Amino acid sequence: MEESFRSYTDKTSVYDIKPLRTLKPVFPSGNHQSPPPFVCSPPFGPFPPGFSPFYPFTSSQPHTHNNSNPSSVTPLRSFRSDAEPTPKRKTPKKLVRPDNVNFESGITSPERENGNRNLVTSVLTRYEALRRRFSQLEDAREAVTGTNKRADLKAGSTCMSRGVRTNTKKRPGIVPGVEIGDIFFFRFEMCLVGLHSPSMAGIDYLLLKGDTEEEETITIATSIVSSGYYDNEEGDPDVLVYTGQGGGNADKEKQTSDQKLERGNLALEKSLVRNSPVRVIRGLKEASPSVKIYLYDGLYEVKESWVEKGKLGHNTFKYKLVRAPGQPPAFATWIGIQKWKGGLTSREGLILADLSSGVESIGVSLVNEVDDENGPGYFTYSTKVTYSESFKLTQPSTGCDCSSSCKPGSLNCRCVRRNGGDYPYCGNGVLVSRKGMVYECSSSCPCLVCKLKVTQMGVKVKLEVFKTVDRGWGLRSWDPIRAGSFICIYAGEAKEKEQTMENDDYAFDTTRVYTAFKWNYERGLADEVDSEEVSEEPEMPLPLVISGKDVGNVARFMNHSCSPNVFWQPVSYEDNGQLFLHVAFFAVSHIPPMTELTYDYGVTRPSGAQNGDTLYGMKKCFCGSEYCRGSFG
């Protein structure tokens, strides 16, 4: 022990050392010969005789001296303390997720540069699935912290950084895979498919080689978003008077200075000169004022430009754009629907204003623009499913005891726990993921205003039953429908499989074989590689066949398609003290107004057939899809 103390150095005793900058130079005194005093010269001269500058005060690199005695001067950097490391230059943080660097988007470089319809649909589906998942997590976080971050921005930046995008090659005119009439609920969706690159700016433009030597490069506009921030004239479906950008804060609709002929404004001016087409996206308000929908209205040409004084006296640029002829209607359809809703014009071909006779909270129109048929065969309209004793589930009813509303992520709620601990819907009632079964709250739960009763609230969009050309009666919506939104349940009479007659064209059969498809979010894209993947296959505790032939609702009019825009999801909730199964329909993707709603009818598996056998339905399919299998039922 004593020996160890002898070798111990007392580090509390330090020398009285002062920083170098406080020391004064000391020169020898006396009459003996001494070196010349220290001379301080400017870094770049002039220098006294016999003195030469040294690196880095010379333009050349230092050279090696052949002095026999090396310099004993110690560089200042050697006085660095180990406790204070040399500060490193800060670099911007990059969006890197080291826990998932091996994620593969499945999109090749050529596909990322130039897309097609299938690729555009896939990118939008993957983005929306990820956004719903992030929104689900934010809703649960908000219930605890009171804060909710933008799930659309997080999902967009994630898809951008992981390569889940297409049409990155900027171009004027048509964008491969994007069709006129497509709708978007978030601007990031347009970025990911190459329709409009900026996530904020209203004008997108492209740099091109100039026509003359004096003008080496020019910018032309590729697309504009008329979002309503500026004083645009949007009443005419074929003409848009667009206000240029700049001059103030558009969010506050206050122009504080004159607009300048630069960037997007200059690009629109050049598009006018070169007669270059410009894509126009119309920003439209939904039923909720806080929600905006973006409608791709096709190609326009800039015909005129001028400068005029704005409301506050500042100069603004105005551009008159005219829609190119021969394009399918988009914004014109939207204007027509608003006139129908407002009673300004009557719906052409209207037979009944409300097929449900007041049963639905929003009336269902009956329209025929094809022939003289006055309507479908008689049936009793109902929004419920009637069950016999054999269809009642044996498990007892176990509702939750939440006082006001079931909170997302709350494991104290029995209904949330039955859904695996996750709230199955986003805050706006959009389904997050397909599951084997979704459990909703019921009338026995005290949460009267709960958002976990989505399918029990009835139809929330304006639907229309219409006569098709070759497939009987069909169903479509006047309103745009967001991906994951609830449409309706399949109402009717629950029957045994053997009771269903072969000529019942209005029977929904859960025992059929349905084409599998991927709709849920990708765990790798959401950085949930260690979590358990949720099965998207329905889990039916018993076979269920619902006939809407004699009693039913609008679901009985939805036609079959091999590439449907609607899917069915099993939902269970209590009714009069018993737990029952329901078949609910949700939107696969964003559905524009007046687009027919279709789902996969499936194919009946014959006795003795194996899982790998090719199955053929009993009825010929006329869906016209690229992936039509030829039959159904």
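If you go along the chain as it appears here, the first residue is 1 and each next one adds 1.
A Cβ is built for glycine as well, from the same backbone N, Cα and C atoms used for every other residue.
Feature annotations, courtesy of TrEMBL:
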- 61-75: compositional bias 'Polar residues' (COMPBIAS)
- 173-323: domain 'YDG' (DOMAIN)
- 398-458: domain 'Pre-SET' (DOMAIN)
- 461-602: domain 'SET' (DOMAIN)
- 617-633: domain 'Post-SET' (DOMAIN)
- 58-94: region 'Disordered' (REGION)
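For the domain 'Post-SET' (617-633), the partner stretch with the most Cβ pairs below 8 Å, chosen from 173-323, 398-458, 461-602, is 461-602. Per-residue confidence over the domain 'SET' (461-602) averages 91 (mean pLDDT, predicted model).
With helix defined as DSSP H, G or I and strand as E or B, the domain 'Post-SET' (617-633) counts 0 helix, 4 strand, 13 coil. Broken down with DSSP, the domain 'Pre-SET' (398-458) shows 8 helix, 4 strand, 49 coil.
Broken down by DSSP into helix, strand and coil, the domain 'SET' (461-602) contains 7 helix, 54 strand, 81 coil.
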